[in-house]
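K.L.:
Summarising the annotation, TrEMBL assigns GTP binding site to 12-18, 40-42, 304, 330-332, 412-414. Marked as Mg(2+) binding site by TrEMBL: 13, 40. What TrEMBL lists as IMP binding site is 13, 14, 15, 16, 38, 39, 40, 41, 128, 142, 223, 238, 302. Sequence annotations record features per position, and here TrEMBL assigns active site, proton acceptor to 13. Under the heading active site, proton donor, TrEMBL lists 41. Among the features that TrEMBL reports, active site is placed at 139. TrEMBL lists 298, 299, 300, 301, 302, 303, 304 with the feature substrate binding site.
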Ligand code: GDP
Ligand code: IMO
Ligand code: MG
């Protein structure tokens, strides 16, 4: 019975939230397994638009149990703000489950994120400033604070003091900031204890039992393959495992329980923050994609960098994640473009690359080699079957499918929940 993983195949914002929501009504659990409130998922349901950051997108579907897995880093203030905002709009948030092993983002993590970025100057990553990197760094350094620590005041104090030992030296002596006291952090974190207590448990066990009982679990990634700490464009990446392997790591379910891996691919490409992006457009075409696709960050409001679709990246994402299906999103945004370039290879100093160059410097210097595909001008937002799409749009989809090496099972033709062409069933 299905354990279904949803991952971003590019640099994020491919439409993972909408894809998760699409599976919602046939799903029992939706687990967020990595990242934190650096993510931003917009889901449109009728006239209502929801922007989710920390909570899994499945929370919008009645009957689904949303889970925040052990691989997530949690900002408690954001958690309760988001829960309250959804409750106020009539969404039932009472079923939320949170792993006792998830790590907590504190005030000093947010401060360190911002000051390290400032110190990096020209080499900055362009992080979301939410404290994600420093919190994962503490986890790996074994000085992090976990959700379960909130329930033991003496342990919590010890852990905060241990973490502040070095942090306060860094904050005051390196970054010229004020020192943080154990009491301020302790008071802040413990102010949430009674509210969070009923939500916390062994979510790995709960999810494994659900799979044993034949229920459907969707594992929803934040960020994307090219932002993955191991497989992305390091160091211009996030600090977690955003690829399919992270679904097991970050939820406490064995890798053998994952049956399907769905990669979300935008019909073109976008990126937020710094780092290489071979098909990036600096001309009026980039402006057009940004305007037609409304490419502004859900989290930070930053304009997204835009470029043509890059099939080298999709093929790489297919391999790294073991994609069984692709959901192609935002095909409607390309309507009206006469000739649509698609990147099929790179050229680096006169040499052709048909796969991702292993050297980061080569990738930085990669020039896209394009094939131009004929566009279409008909409005496709009402299409619900492949045959409803104009022949050129079908040919564009087929071309991406052939190059990516995974079948395209659904195609987004608009932001709304219903605006989708179903090609193959995503749950069976
Ligand atoms: P995520 O981070 O991967 O969940 O993606 P975001 O929500 O950050 O960005 C995707 C944006 O595209 C959102 O504003 C969605 O409402 C919108 N969207 C998703 N699918 C489609 C589609 O097929 N067509 C159009 N026009 N918009 C879409
Ligand atoms: P969703 O889930 C796009 C980018 C940031 C920055 C880098 C590191 O909506 O697809 P971080 O704050 O994580 O340390 O920043 O990663 N980034 C995203 N870009 N979509 C996201 O999430 C992102 N989450 C982080 O812009 O370049
Ligand atoms: Mg997003």
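Each Cβ is built from the backbone N, Cα and C atoms, and glycine gets one as well.
Keep in mind that this is a model prediction, so the values were computed, not measured.
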K.L.:
Tell me, by DSSP, whether residue 301 (substrate binding site) is helix, strand or coil?
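P.N.:
Looking at the DSSP assignment, residue 301 (substrate binding site) belongs to neither helix nor strand, so coil.
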K.L.:
If you measure from the CA of residue 300 (substrate binding site) out to 10 Å, which binding-site residues from the list 15, 38, 223 are inside that radius?
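P.N.:
Those close enough are 38.
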K.L.:
State the three-class DSSP label for residue 42 (GTP binding site), counting H, G and I as helix, E and B as strand, and everything else as coil.
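P.N.:
Note: residue 42 (GTP binding site) is in a strand by DSSP.
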K.L.:
Can you go through the recorded positions 38, 128, 139, 298, 302, 304 and pick out those with a C-beta less than 6 angstroms from ligand 1?
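P.N.:
Near the molecule: 298.
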K.L.:
For a Cβ distance below 6 Å to any atom of ligand 2, name the binding-site residues from 38, 128, 223, 413 that qualify, or say none.
P.N.:
38, 128, 223
K.L.:
Measure from the Cα of residue 18 (GTP binding site) to the Cα of every one of the recorded positions 139, 298, 299, 303, then give the nearest.
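P.N.:
Checking each of 139, 298, 299, 303 against residue 18 (GTP binding site), the shortest Cα distance is to 298.
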K.L.:
Check the Cα distances from residue 298 (substrate binding site) to each of the recorded positions 12, 41, 128, 139, 331 and keep only the ones within 10 Å.
P.N.:
41
K.L.:
Please report the distance from the Cα of residue 128 (IMP binding site) to the Cα of residue 299 (substrate binding site), rounded to the nearest angstrom.
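P.N.:
One finds 8 Å between the Cα atoms of these residues.
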K.L.:
For each of 12, 15, 40, 301, 303, count the other CB atoms within 10 A of its CB; which of these binding-site residues has the top count?
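P.N.:
In terms of Cβ crowding, the pick is 12.
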K.L.:
Check the Cα distances from residue 40 (Mg(2+) binding site) to each of the binding-site residues 299, 303, 304 and keep only the ones within 10 Å.
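P.N.:
Cα filter at 10 Å returns 299.
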K.L.:
Radius 10 Å, atoms counted are CB only; among the recorded positions 41, 302, 304, which position scores highest?
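P.N.:
That would be 41, with the highest Cβ count within 10 Å.
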K.L.:
Specify the count of other C-beta atoms within 10 Å of the C-beta of residue 223 (IMP binding site).
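P.N.:
Result for residue 223 (IMP binding site): 28 neighbouring Cβ atoms inside 10 Å.
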